[in-house]
Amino acid sequence: MSSKLRDLIKTVRSCKTAAEERSQIAKESALIRTAMKEEDLESRQRNVAKLLYIHMLGYPTQFGQMECLKLIVSPSYADKRIGYLGLMLLLDEKQEVLLLATNCIRGDIMNSNQFIVGVSLCAFGNICSTAMARDISPEIEKVISHSNPYIRKKAALCAIRVLRKVPDLTENYIPKIKALLSERNHAVILTALTLIIEICEMDSTQIIHFKKMVPQLVRILKSLTSSGYLPEHDIGGVTDPFLQVKILRLLRILGQNDPEASDAMNDILAQVSTNTDSTKNVGNAILYECVQTIMTIESENGLKVMAINILGRFLLNRDNNIRYVALNTLSRVVNTDIQAVQRHRNTIVECLKDPDVSIRCRALDLIYSLVTESNIRVLVRELLNFLLIADAQFKSELVAKLCIVTEKYAPNKRWQIDTILRVMSIAGNFIPDEVPSNLIQLISSTPELSSYAVQKLYLALKQDITQQPLTQVGLWCIGEYGDLLVADKSQLPKDEDGLSLNVSEQAVIDIIDLIFRHATTTQATRQYSLTSLAKLSSRFSQSSLQRIKTMIDNYKQNINLELQQRACEYSTLFDFDKKASILDRMPPIEKQEESPHIGNKNIPTQTPPQQHYQQQQQQPQQQSSQFGSILDGLDSPTQSSANSGNNNNNNNKQGGNAMSLLEDIFGSAPTPTSNGNMNNNNNMNNMNNNMNNNYAMGGMGMNNNNNNSMGGMMNNNNNNNNNNNNNNNNNKSQASALLDIMGDLQLTPTPQQPQSQSQQALSPTNQTSVLQPVPQPLTFLVYQKHGLNISYECSKPQPNNLSLTNINMVITNTGSSPITNFSLQAAVPKYLKIQLLAPSSTVIPPNNSGEVTQVSKVLNSQQGQKPILLRLKLDFQINGQPFSDVPDTPLPSLF
């Protein structure tokens with residue numbers, strides 16, 4: 001005979017170790033199984049109760065499911081109560097055993113004993129499946145009109161479960177619901193309101209059936225607010241706050257986008273807002289729901305101001321939860337009436353000093369929404385003060401928002417530059433990458449403030465050179481506007497003593513030298529320093545030139561390849577007759593607009609591009625399109641190599657194109673004038689060959705076929721021409737040096753100059769080529785399997801170079817589980833060249849809650865003749881299970 005439940009609990013509690021507990025549970029489970037086999041009716045109820053306790057401890061109890069079914073068919077209420085409780089805990093709606101309980105539940109719902117009806121409805125509402133909902137729905141419709149309110153309220157809650165499983169049955173319950181609102185029992189009204197809200201949220205077309213109930217709901221709410229003390233419903237001095245909150249929530253749904261229904265609610269909402277006690281938490285709950293209703297429906301302006309004032313009072317509350325919901329609600333309604341929210345600006349700013357990190361975060365978001373042209377100076381000053389004491393987790397986001405509002409609402413460019421410099425000096429290395437580039441673009445596009453900006457940056461560098469983003473911007477500006485720094489004194493800022501600062505060339509070089517030698521200086525900052533020195537060599541006097549050369553020469557043997565390459569190229573550039581034009585001041589930098597698809601969570605699926613576009617008339621192709629794509633940074637060759645005969649022909653043609661490009665830039669190709677120059681050019685040629693080889697070895701997926709890259713083109717071309725004549729060799733050596741120095745500089749081609757017969761024979765322009773009109777950017781779905789969706793956002797970044805295509809791969813996950821260890825690789829045919837960047841993440845969140853992007857650039861050497869075809873290699877895991885696929889993803893013919 002098994003022990004009692006009380007004895008089992010005492011035994012388990014007295015166990016000293018987990019092993020001892022498992023042993024006791026195993027013994028008791030064995031005794032329970034034995035009793036089940038013997039069909040011991042007296043101990044069945046007690047055994048199921050002990051199984052429930054064992055289940056709560058986390059041990060398996062599946063063997064007791066049939067015992068629960070045997071208990072619910074018993075005529076005894078005590079047996080049914082334990083049986084239904086075991087049914088709810090040991091089974092769920094997916095268990096096939098549950099189908100055996102359908103007839104028993106149907107019979108118990110129609111029982112004359114209200115307690116048996118109650119436990120059966122309770123079990124049905126918790127474990128009802130779709131099939132069971134269809135079978136027992138007629139009984140629920142009957143008991144929802146029962147005379148006993150105890151049964152009616154449970155039936156209304158069961159109706160919610162039925163409609164969630166079978167929404168088609170909604171029409172059957174709407175007539176029954178209207179009668180429930182006429183009840184005097186608050187529990188019945190509360191469950192009826194819950195059922196109405198559920199129907200409206202599931203199907204918005206059903207709202208029209210309940211709009212006629214607005215006057216009735218208003219009367220119920222008015223009676224609750226004006227009634228006296230009711231002990232059975234009073235909570236904290238408020239009459240039935242749960243029912244009031246539920247009515248306000250339903251009024252919010254019925255009054256949305258309905259002026260007539262909203263007008264009927266205005267008076268009662270004003271009454272609730274003014275009469276509810278806000279000193280207790282229960283009153284604040286009603287006020288919060290009332291504010292949400294006022295801001296959602298078509299309420300009067302005065303009522304909205306009252307609601308915002310209530311939220312302002314919430315900000316003064318000592319409870320962090322109330323302050324948080326106030327800030328959260330104000331962030332949502334700030335666009336409705338920003339002037340009313342502005343009245344509480346000081347209180348919102350004070351929330352930045354709150355010790356609770358979540359409140360500080362919400363206050364920061366709200367202040368960002370409150371910034372306008374009239375208060376930009378005040379709020380930015382407060383945000384800068386907060387930036388001084390902000391935690392590291394806030395700084396990056398705060399800096400980004402500060403720069404956005406500064407750019408959007410700045411009263412003038414000078415104030416904008418001062419503010420961003422202040423932000424960068426405070427935030428240090430927490431500056432996002434786009435902030436320095438945006439500041440450089442701002443200074444470059446504002447010539448009248450160039451002198452002022454470079455002087456401010458010089459002063460900032462004198463104070464602190466450990467902030468790398470600020471140091472890099474300062475070095476860029478000093479390199480571009482160093483002559484203004486040492487010459488123009490009219491706008492020079494004052495120091496702390498109010499005296500004008502005199503900046504000499506040696507002082508500028510000293511601070512760059514200090515940056516070189518400082519321990520915190522990164523390699524990227526040293527690269528900026530080398531470029532800045534090279535720029536200053538054409539802006540400073542001859543007395544400073546020797547020191548600049550010495551500082552650059554010190555890095556010609558540096559172990560860092562990038563620093564060594566820059567130093568060698570700049571050192572060679574000093575002897576070049578075109579140095580002044582190459583190192584001249586850059587033209588104003590145009591601000592690049594972000595792609596409209598960036599940050600979109602849902603990528604629209606369009607029809608296949610081949611059906612979307614019509615065939616267009618072809619036009620002659622420009623000769624220099626290939627060079628524009630090469631200079632744009634695409635250096636990686638494809639995974640295949642051509643034969644040696646084709647390599648020689650391609651090298652000759654590319655050499656002719658390189659000379660044509662130089663003629664377009666400088667008017668004519670440079671020619672040697674002495675043997676000394678020839679020797680220097682030969683040295684330069686050897687240096688560039690070494691650099692090109694090093695660069696090729698460091699690329700991703702590089703092979704021996706470099707005829708598609710600028711480095712390989714100049715290398716092979718020079719080697720071929722060394723055996724022919726010195727003149728062409730010198731010209732092409734200088735061309736290679738120029739292209740190495742210019743790096744990613746984008747060049748605009750000019751009309752082609754007349755060529756000699758030999759040049760025309762080597763030039764590809766003697767072949768017939770065509771140019772298609774520029775296709776518009778296009779987004780389309782290319783892969784959809786295992787919940788993984790991949791969309792391509794294709795665009796042509798250069799209208800005069802259709803051979804270059806940018807493909808932004810947007811990867812989303814429609815499944816319910818996250819995709820981990822995601823890897824995407826791409827292979828292309830021989831006539832294509834691809835540069836594939838790393839993905840933004842290797843984890844793709846589920847349910848379309850986020851996206852991963854991976855950018856690729858494709859260069860088509862046979863544009864207009866062969867399409868772009870990418871074969872992807874996908875590897876990922878879902879719940880630890882690996883998946884792999886190799887799909888082909890063609891692009892439209894016009895791309």
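In case you wondered, yes, glycine gets a Cβ from its N, Cα and C as well.
Annotated compositional bias 'Low complexity' per Swiss-Prot: 604-626, 639-658, 675-687, 706-731, 746-765, in sequence order. Residues or ranges marked as domain 'GAE' by Swiss-Prot on the basis of sequence analysis: 775-893. Residues or ranges marked as region 'Disordered' by Swiss-Prot: 591-687, 706-733, 746-770. Residues or ranges marked as repeat 'HEAT 1' in Swiss-Prot: 130-166. Annotation comment: Swiss-Prot describes 167-205 as repeat 'HEAT 2'. Per Swiss-Prot, repeat 'HEAT 3' is recorded for 211-256. The feature repeat 'HEAT 4' is assigned by Swiss-Prot to 301-339. According to Swiss-Prot, the feature repeat 'HEAT 5' maps to 341-376.
Ranked by Cβ pairs under 8 Å to the repeat 'HEAT 3' (211-256), the stretches 130-166, 167-205, 341-376 are led by 167-205. Note on the repeat 'HEAT 4' (301-339): its mean pLDDT in the predicted model is 90. Per DSSP, the repeat 'HEAT 1' (130-166) is made up of 31 helix, 0 strand, 6 coil. According to DSSP, the domain 'GAE' (775-893) comprises 0 helix, 69 strand, 50 coil. Shown for the repeat 'HEAT 2' (167-205): DSSP residue counts in helix, strand and coil, namely 33 helix, 0 strand, 6 coil.
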